[in-house]
Amino acid sequence: MINVESPLNLETTLGSLQFSHGSVQNIGMSISMIIGCELGDKSFIVTALLAYQYGRASVFFGSYLALFFMTSFAVLVGRAAPFLFPKSITHILGGTLFLIFGVKMLKESKEVRESQQSLENEFDKVEKIIVNEEDMKKTLELGLPASNRSSSTLKDKFFKVFSMSCFKNLFSKKFSRAFIKAFALIFVSELGDRSQIATIVMSAKEKVLDVFIGVNIGHMLCTMVAVIVGRYISNKIEMYKVLFFGGIVFMIFGILYIFQGF
């Protein structure tokens, strides 16, 4: 007996396939956006250095948990945007932001290429900052005067907040120290970062769940690369190429969003 689907069932099936295709596309765009933002970014470098110093597992979970919280916040903000602005305005504003970020990254790529900076140079700079913070912390704990001591920075405040005993009771001393430090540094460095703003923009335009899944997958991939081979690839990848790739990705997204706004 031949079973002929009714037009209604056929329409429903096609709608489901279209939804699935759209979701895969949104997730793929979110992943590529995060890779373009985070690969070689300061958060990537901090994660790689901390993993080299303390151990991979604790740093991975600390870094990724911070990124997960920041992503959740960005997605919620983006979800609220369509209720505040018309859809066309949201698309145009979001596309404009993507274009601005894209142009800025391409400009940075050109400057880095002309100055012959490498990703390894960025690792060295961030490593010095981390070492200086450790030295300052030890000096303050010993009660010694610090000539270059300034008012408490935002990172110091966050580090004190997340260094509470409840965290220390959950993990061993070494794991707790690495976990808390990775969480605090990544959390602060991601505030107002390109990836956070881009997540807000994409959440305002695309399906929130798709963006949430894609962004978290992207962050997970970048964090895994950072903790496993981050320091090793620092002298294998040219910084200007990373920035150029990110700039192109942002430019493409910006043009697509502005086009859809009209």
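Numbering starts at 1 and runs along the chain as it is shown here.
Note: Cβ is positioned from N, Cα and C throughout, glycine not excepted.
Lifted from Swiss-Prot, the feature list:
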TRANSMEM  31-51  transmembrane segment
TRANSMEM  57-77  transmembrane segment
TRANSMEM  83-103  transmembrane segment
TRANSMEM  208-228  transmembrane segment
TRANSMEM  242-262  transmembrane segment
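For the transmembrane segment (208-228), same-chain residues at least 6 beyond its ends with a Cβ under 8 Å from one of its own Cβ atoms are 22-23, 26-35, 38-39, 44-45, 47-48, 51, 56, 59-60, 63-64, 67-68, 71-72, 74-75, 78-79, 195, 199, 202. Fewer than three CB pairs closer than 8 A are found between the transmembrane segment (31-51) and the transmembrane segment (83-103), and contact between the two stretches is not assigned (pairs 6 or more residues apart).
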